Amino acid sequence: MDSALSDPHNGSAEAGGAANGTTRPPSTPEGIALAYGSLLLMALLPIFFGALRSVRCARGKNASDMPETITSRDAARFPIIASCTLLGLYLFFKIFSQEYINLLLSMYFFVLGILALSHTISPFMNKFFPANFPNRQYQLLFTQGSGENKEEIINYEFDAKDLVCLGLSSIVGVWYLLRKHWIANNLFGLAFSLNGVELLHLNNVSTGCILLGGLFIYDVFWVFGTNVMVTVAKSFEAPIKLVFPQDLLEKGLEADNFAMLGLGDIVIPGIFIALLLRFDISLKKNTHTYFYTSFAAYIFGLGLTIFIMHIFKHAQPALLYLVPACIGFPVLVALAKGEVTEMFSYESSAEILPHTPRLTHFPTVSGSPASLADSMQQKLAGPRRRRPQNPSAIYEESNPKDAAAVTEGSKEGTEASASKGLEKKEK
């Protein structure tokens, strides 16, 4: 997992030298500012919209869009798995030919990118389809075994609108596969980031702190302690990072002197920010205090990363600045509001968000509306057995003779009190 913000000056010297050994001319201040600002904006978009979509995802009933919940055990193991993966990729690039590895990875991310981009643009594209669009339903089902031992491997439901989105995404995929253009790379990278924030859910704040704390150490070690992460990031030709050229003003869309931001610096803080949005909703106060606080903390942390990188001219582990900001700011707000206990006791995976009625049984109805209405009226008009609601009614059912005596006594008392009231009125 790449999660470092690379120094564009070092990056241009190491990865961008001309074939004859000459170095590129230094980037202009305007080009650097444009690259930094664009990376910041591109990082904010999937976090903001992915967090909003994570709420709808938690409320949804579609099994194919159900989120994947990260537990504390998963969070503790994730930095170890990420370290092994990163080191394995580094060794592969050192031992085997970089061209063949990138070819295999390009085909893999070509398929994943098309699916991710299709899922991303689907809600927006639905607004452009006409009402009479023939939206047929399809299902892709792969099973293993037979009879009682049959096991589902793939069960994907989609419709004609999804096929249109898939076709449009395939155009971007072919563009990326043939040209490796930075715009196609960013489209896939943004789709991966948004899907990650939407579909990966932390079950509570403590798990988020464990995950961010572990990756904080991971990021610092692999960026400052070794050259592994920076080497993999520059050798890995796959949309696992967002890039933006600093020489765009000079070379246009064919620019090739890039600043880059790893998707890990977007997705990891993003799923924590999305968790705080769901926590805001669970408080039922019609405010998004913790979401906006953590979102502002992310802007501050990433801006600080860019500033430090520009000053020291060296690649920076962005999580070194993002983790303290994204955890510290919301916790300080919770301390000020006296809601620390509520924050750390909130369980996202065990809660159905408010205003979300869910059906557990789907009745089967048949017939015309008139026949259904007549049957409902007959049921309402028919005799109904009343359930006893108080102890006296229960006593009447179990002791009918004594209850009759009590009833007669109560009637006599009622008649006596009524006669007394009439006498008072006549006087």
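Placement of Cβ uses the backbone N, Cα and C atoms for every residue, glycine included.
In TrEMBL this protein carries:
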type	residues	note
REGION	1-26	region 'Disordered'
COMPBIAS	10-21	compositional bias 'Low complexity'
TRANSMEM	33-55	transmembrane segment
TRANSMEM	75-93	transmembrane segment
TRANSMEM	100-121	transmembrane segment
TRANSMEM	199-224	transmembrane segment
TRANSMEM	258-277	transmembrane segment
TRANSMEM	289-312	transmembrane segment
TRANSMEM	318-336	transmembrane segment
REGION	365-427	region 'Disordered'
COMPBIAS	365-378	compositional bias 'Polar residues'
Please give the sequence-distant neighbours of the transmembrane segment (318-336): residues at least 6 beyond its ends with Cβ less than 8 Å from one of its Cβ atoms.
3-5, 208-209, 212-213, 215-216, 218-220, 261-262, 264-265, 268-269, 272-273, 276, 289-290, 293-294, 296-298, 300-302, 304-305, 308, 342-343
Please indicate, using numbers and ranges, the residues of the same chain that are 6 or more beyond the transmembrane segment (33-55) and have a C-beta under 8 Å from a C-beta there.
5, 8, 27, 67, 123, 186, 190, 193-199, 201, 242, 244-246, 248-249, 258-261, 265-267, 269-271, 273-274, 277-278, 281, 291, 295, 298-299, 302-303, 306, 310, 353
Who are the long-range neighbours of the transmembrane segment (258-277) in its own chain, taking Cβ under 8 Å and residues 6 or more past its ends?
1-6, 8, 11, 32, 35-36, 39, 42-43, 46-47, 50-52, 54-55, 70, 182, 189, 192-193, 196-198, 200-202, 204-205, 208, 211-212, 215, 219, 233, 240-246, 288, 290-291, 293-295, 298, 301-302, 318-319, 322-323, 326-327, 330, 348
